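Working notes for the structure below.
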Amino acid sequence: MVKIGVLGAGTWGMALARMLSNMGYDVMVWSALPKEVEEYSRTRRHPNLPGMIIPDSIVFTKDIEEVCTGKDILLFAVPSVFVRSTARTAAPYIPDGQVIVDVAKGIEPDTLFTLTQVIGDELGKDGKHPSVRLVALSGPTHAEEVSLDLPTTIVASCTDMKTAEYVQKVFMNDVMRVYTNDDVLGIELCGALKNIIALASGIALGLGYGDNTKAALITRGMHEITMLGLKMGCKAETFYGLAGIGDLIVTATSEHSRNNRCGHLIGQGMTPDQAVKKVGMVVEGINAIPAALELEKKYGVEMPLVDAVDAVINHGADPKETVRNLMTRPPKSEQDYIRS
Ligand SMILES: NC(=O)C1=CN([C@@H]2O[C@H](COP(=O)(O)OP(=O)(O)OC[C@H]3O[C@@H](n4cnc5c(N)ncnc54)[C@H](O)[C@@H]3O)[C@@H](O)[C@H]2O)C=CC1
Ligand SMILES: O=C(CO)COP(=O)(O)O
C-alpha cells in the first residue's frame, strides 16, 4: 500500500489527505500545532471544510520524525512562509531519494526561490540528500471542492518525468485528473503570481466593477505572468495550461478563493490587515508581492497589475484611484510581447 505523509493540516492538506485516504492509501498527517492534532483526530472535522468528514483511517501526529519515516511520498502542504522551517525541521528524518510533493504556492522573498527550490535548498545543506525528488503539484484546485469529490484537474511537475508520472499515477482517480509537465519553474511561478491577480479581481468586485473588468484583469494578469516567465526561461505552454490560466481563472472568480475574498473585502473598504484576519486562512497573494516586485525589476518586465496591487496593499493607495491610473496609462499594443 502507498504510504503518504502530509505535512500541514490546513484546508488543502486535509482535503488531499481525505482524497488519498479514500483511494486506499495509508495516510498520516502532521501539524505543527498540537491543538489541531488533538482536535481533528477527536472530532474528525475541519473548521474550514464543514462538509468534510475526516476518514477514521487518517492518523494524526505532532511528531515530524514519525510523519517522515517510511513514506513513499511526503506532501508539503504548509503555507509558503512555513515551508523552509518545516523542511529544516524535517530534513534529518527524510531519507535520500524521497519523493517530495509541494502543494503550497509562493516565492520566498529574499532568495526568490520557488517552494520546491526552498525545500531542495534546506535538504541540500547536510549533504545527505543528493537524490531527493521534488515535484510541484499545482492547478485549479480549491480544497472546498476537492473535499466534496467535485471533478478537478491538476499538474504534477518534475524535471524527472518518471517521478512526475509516478505522482500522476498515485494521485489520479475518477474525480482528480492529473497531467504531467517538466517545467517546474513555470508551474510554480504561475501558482504564486496568480494569487496577486486574484487579489486585484477581488478588489474590483468590492468596488462594484463587473465582469468586463474581471476578464481584463485575468487576461492582462496572465500576460504579465507569461512575460516574466518567458524571460525566466519557462515554457509558453505552461502559461496557457491548467496551472497557468486554469488556476488564475478559478482563483480570480471563485467564491472559495482566499485571495479573491480578501481583495473583495479590501475593495469594500477594509484595510488589508482587517481583510486577512476576516478570511482566517493564508492569503498567499500578499506574501508573494515582495518577490514579484523583485522579479519584475530583475528581469525588466512591466507588471502594472502587480504594481497596482502592491500600491493598494502595502502603500495605502485608494483602490478606485489606482484603477483610474491603470486605465489612463499611455495607449499600447496588445502584441508587445510578440515583438519583444
Ligand atoms: N486551500 C486551497 O484550496 C489551496 C491551497 N493551496 C496552497 O496550499 C498552501 C496551504 O494553504 P491552506 O491549506 O489553504 O492554508 P491554511 O491557512 O488552511 O493552513 C494553515 C495551516 O498551516 C499550518 N501551520 C500553522 N503554523 C505553522 C507553522 N508554524 N509551521 C508549519 N505549519 C504551520 C497548520 O496546520 C494550519 O492549519 C498555500 O500555499 C496555498 O496557496 C494550493 C491549492 C489549493
Ligand atoms: O490555489 C488555489 C486554488 O487553485 C487556492 O487559491 P486561494 O488561496 O486564493 O484560495
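Glycine too: its Cβ is placed from the backbone N, Cα and C atoms.
Positions annotated as domain 'Glycerol-3-phosphate dehydrogenase NAD-dependent N-terminal' by TrEMBL: 3-163.
The Cβ of A143 (NADPH binding site) lies under 8 Å from the Cβ of T11, W12, M14, A15, L16, N48, L49, H256, each of which sits 6+ residues away along the same chain. Annotated NAD(+) binding site per TrEMBL: G8, A9, G10, T11, W12, G13, F82, A143, R258, in sequence order.
DSSP classifies T11 (NADPH binding site) as helix under the three-state reduction. The annotation NADPH binding site is assigned in TrEMBL to T11, W12, K105, A143, R258, V282, E284.
Around the Cβ of K105 (NADPH binding site), the number of neighbouring Cβ atoms within 10 Å comes to 30. According to DSSP, K105 (NADPH binding site) sits in a coil region rather than a helix or strand. The sn-glycerol 3-phosphate binding site annotation in TrEMBL covers K105, G139, T141, K194, D247, S257, R258, N259.
According to TrEMBL, the substrate binding site annotation covers K105, R258, N259.
For the domain 'Glycerol-3-phosphate dehydrogenase NAD-dependent C-terminal' (183-323), the model gives a mean pLDDT of 98. Residues annotated as domain 'Glycerol-3-phosphate dehydrogenase NAD-dependent C-terminal' in TrEMBL: 183-323.
Just so you know, the Cβ of K194 (sn-glycerol 3-phosphate binding site) picks up 33 other Cβ atoms within 10 Å once every protein chain is counted. Under the three-state DSSP scheme, K194 (sn-glycerol 3-phosphate binding site) falls in the helix class. The active site, proton acceptor annotation in TrEMBL covers K194.
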Secondary structure of A143 (NADPH binding site) (DSSP, helix/strand/coil): helix
Alpha-carbon spacing, F82 (NAD(+) binding site) to K105 (NADPH binding site), which is rounded to whole Å: 11
Listed binding-site residues adjacent to ligand 1, that is, members of G139, A143, D247, S257, N259 whose C-beta is under 6 A away: A143
The domain 'Glycerol-3-phosphate dehydrogenase NAD-dependent C-terminal' (183-323) - residue tally per DSSP class, helix then strand then coil: 111 helix, 0 strand, 30 coil
